[in-house]
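As recorded in TrEMBL, the features of this protein are as follows:
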type	residues	note
TRANSMEM	12-29	transmembrane segment
TRANSMEM	49-70	transmembrane segment
DOMAIN	101-321	domain 'Cytochrome c assembly protein'
TRANSMEM	104-122	transmembrane segment
TRANSMEM	129-149	transmembrane segment
TRANSMEM	234-255	transmembrane segment
TRANSMEM	275-291	transmembrane segment
TRANSMEM	337-357	transmembrane segment
DOMAIN	342-538	domain 'Cytochrome c-type biogenesis protein CcmF C-terminal'
TRANSMEM	377-395	transmembrane segment
TRANSMEM	428-448	transmembrane segment
TRANSMEM	460-477	transmembrane segment
TRANSMEM	483-504	transmembrane segment
TRANSMEM	516-536	transmembrane segment
Amino acid sequence: MIHEFIGDLGHIFVVIAFITALYSAFSYFQGAQAKQFDKQHFWKQNGRIFFYVHALAVAGIVFSLFYIIYNHYFEYHYAWSHSSKRLPTHYMISCFWEGQEGSFLLWLFWHALLGIIVIVTNKFWEAPVMAIFSLVQAFLASMILGVVIPGLDLKLGSSPFILLRDAIDAPIFQQQPNFVPEDGTGLNPLLQNYWMVIHPPTLFLGFATTLVPFAYVIAGLWKKKYREWVRPALPWALVSGAVLGLGILMGGYWAYETLNFGGYWNWDPVENAVYVPWLFLVAAIHTMITFKNSNTALKASVILVITTFVLILYSTFLTRSGILGDASVHSFTDLGLSGQLLVYLLFFTVGAIVLAIVRWKEMPTTEKEASTYSREFWIFIGALVLCLMGFQVIIPTSIPVYNAIVELFGGVSNLAPPAEQVEFYSKFQLWFAVAVGLLSGTGQFFWWKNIDKKQLKSDLALPVVITLILTALVVVFKNVAEPSYIILLMAGIYTAVANGKILVRVLKKNPKLSGGAVTHIGVGLILIGVMFSAGYSKVVSLNTTGMLISKESSSEFNNENLLLFVNEPKEMADYQLKYRGERIEAVDISGYLNRDDLKATAIPHLVVAKRDITVDDKVVFQKSDTIEIAPENTYYEIEYTDKNGNKFTLYPRAQVNEAMGGLLASPDIKRDLTRDLYTHVSSIRDPNEEPDWSDMEEFEVSPNKNFFVNDYVTRIEKIERIPEVEGVELTEKDVAVKVDIIMQGEDKDYLAQPVFLVKDGMVGRIPDEVNDLGVKLTVLNVHPERNSFSIGVNTRQKNWVVLKAMEKPLINVLWSGTLLLMVGFGIAINRRYSEFKKMREKGQE
């Protein structure tokens, strides 16, 4: 059955959202231009009403799309492409924004919400600001419009409500136009993570908030209120800096916790395209605060706020146009929107630049030259460094764009992005970070008052001495030898210490003024944490056996990984390791289940318990229970024992997904105060590959009599006639016998349950495998006269895993710094919004 109504309803909401955004923009434009109060009021009211209708339409689109996903309407291309029946509700939410159309819709939703807040909180600026807001919304709504303009053969947008039969040219739809797939393709396995639920909404909220200061600056230039726009825009710029920064940090932590490259930032082009706007936004915040306090840096603020929003649009173009190709693992596939995205980018870029040029000479400037000992000078230098940091990243990131432009004009470009991205960007960004650290520490002393040389020496003496002492101690006791790292360490310590001194001073006077100091202490800790966790990350899983793990692998792989066989101890650095076997996650049950305690069925996500299964000494499944599992991921239980006999267990996970490049491994992390032990699997036995079994060896054994299989003591524990065999229809004359065979491993017993059956006079045999021990057991025959069984044994290599482990020293310093950064932003937002409210209550803009 095709549920056409909900899709038609969703599409109607999209059309309404597009039209009302356009009319709201037109009405607000008329209201901003009108000279007479009654006309201003009429057009503002019109614009407001249509924006509210637009917001309701956006909510309707959200409802319609989620309704389709939640109810598994796989006749819709979006639901089929991104969802499946087995996904829990929170991952269905992730499906909503996994695709291009859904992420555009998420962006639209945040803009609609922010627009309502702007309308409610600031009537003075409503008309010009909301004209810009509504125009941006019209462009975004066009991205999901999915309509073809008659006569022009021009398609606007890609609709999330298109039916599968209209999106895919498959023969099945010619034979059965109303064919609906039983299930969808599901959410990308790497994205089945709680971070996928919270990270994209946060990041897109960060994107959305950059529109607010941009709208204010355009409104200020448009209405010639060159100074006035800064006050209402500043709190929003701080909110944007905090939320966008939080989104970036979340992405870094997600990568650290989920991916196996051993870090939190890989300088991927899409990561860069978000990082660079944030740098310009932070620079803009500093110049805006400078202008608010001293009426300088107005033009710099205008340029930086405009640049921030333009870079957000540029990052959208990079991510969604397909221009990055294989240069990024984050980019979307091209849905034919590249031309539309380019128009979106150019419209606001060219429009903002032209407006700024036209108004440039009219903007007020200060004639007074900034002294080297003034706060304005040092703020400007700091903003300049942040901009240079951004340029150093965005220029190489944009190489695919340069190539496309050259090819567009018939040329040939051989430029290629850096092959070693991490090394390339890090070697430059390190020195910019040093400059940021030194400026963050020194600049704060200038910020609170203009000082002379003598006073500067007095103020800086204590922080400098403490910095030198702490740096020397850390260098000696932590064996920091690389000169560039020592300088970065010193810059980080200096920032934290200098701002700590400022913080003590500010807290005594007015804690509300402490936002800047707290934020800069966070910056210092981030620099220290990055230096140690990235610069002195150490591989501890060194292969000292002298034996190659794999002849096909690189020397680095063979040197930095350990081959572990199940239950065989292996020494690694200060630990003894034991691989305990493969584990599976059951749905709605915490903890992991031993794969060898489970019998597979014809349905991949359903298994049967071979025995009673306990988790934390509690029976959670009884023998023969059918259990629903999450088959995508296999967890590998690694038991660590340190020199003092203390034990802990890590469960790195992996999946084999050929569509995603083969092995997808995610780490497990043992977190201590001073370091993280970061462990992931590097190679596993391919579960889809038939093992290389030995020739069968036959044993004739009686129940409860021991025999040896691969040196493991083995016995027949129990014989049971069973009424059902999966995939076989038994009659009363047929016989099926399940034989419980116990194998005594090094640390535990294993259970195999081969089946012997006689159906219609024909003998059938269903073997069972003990995965950990690499043994397959088959009941070949039954000898009732001798009370014995013929057992066939095939063996293979024992279960194994190749593991890599790294130590990440002082990474908690990095996470603490990010937390302080957010706290500092929060304090600053509260202060600036309070100031804005006071002025608004006085009737001032």
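A Cβ is built for glycine as well, from the same backbone N, Cα and C atoms used for every other residue.
When pLDDT is averaged over the domain 'Cytochrome c-type biogenesis protein CcmF C-terminal' (342-538), the result is 88.
A contact between the transmembrane segment (483-504) and the transmembrane segment (275-291) is absent, since fewer than 3 of their C-beta pairs, 6 or more residues apart, lie under 8 Å.
Here the listed stretches are 49-70, 129-149, 428-448, 516-536, and the one with the most C-beta pairs under 8 angstroms to the transmembrane segment (460-477) is 428-448.
Packing against the transmembrane segment (129-149) from elsewhere in the chain are residues 11, 14-15, 17-18, 21-22, 24-25, 28-29, 31-32, 47-48, 50-51, 54, 58, 61, 101, 104-105, 107-108, 111-112, 114-115, 118-119, 122, 155-162, 211-212, 214-216, 218-219, 337, 340-341, 344, 347-348: each is 6 or more residues past its ends and has a CB under 8 Å from a CB in it. Using a Cβ-Cβ cut-off under 8 Å and counting only residues 6 or more beyond its ends in the same chain, the transmembrane segment (49-70) has close neighbours at 3, 6-7, 9-10, 13-14, 16-17, 20-21, 23-24, 27-28, 76, 78-79, 82-83, 89, 92-93, 95-96, 102, 105, 108-109, 112-113, 115-116, 119, 130, 133-134, 137, 141, 144, 160-161.
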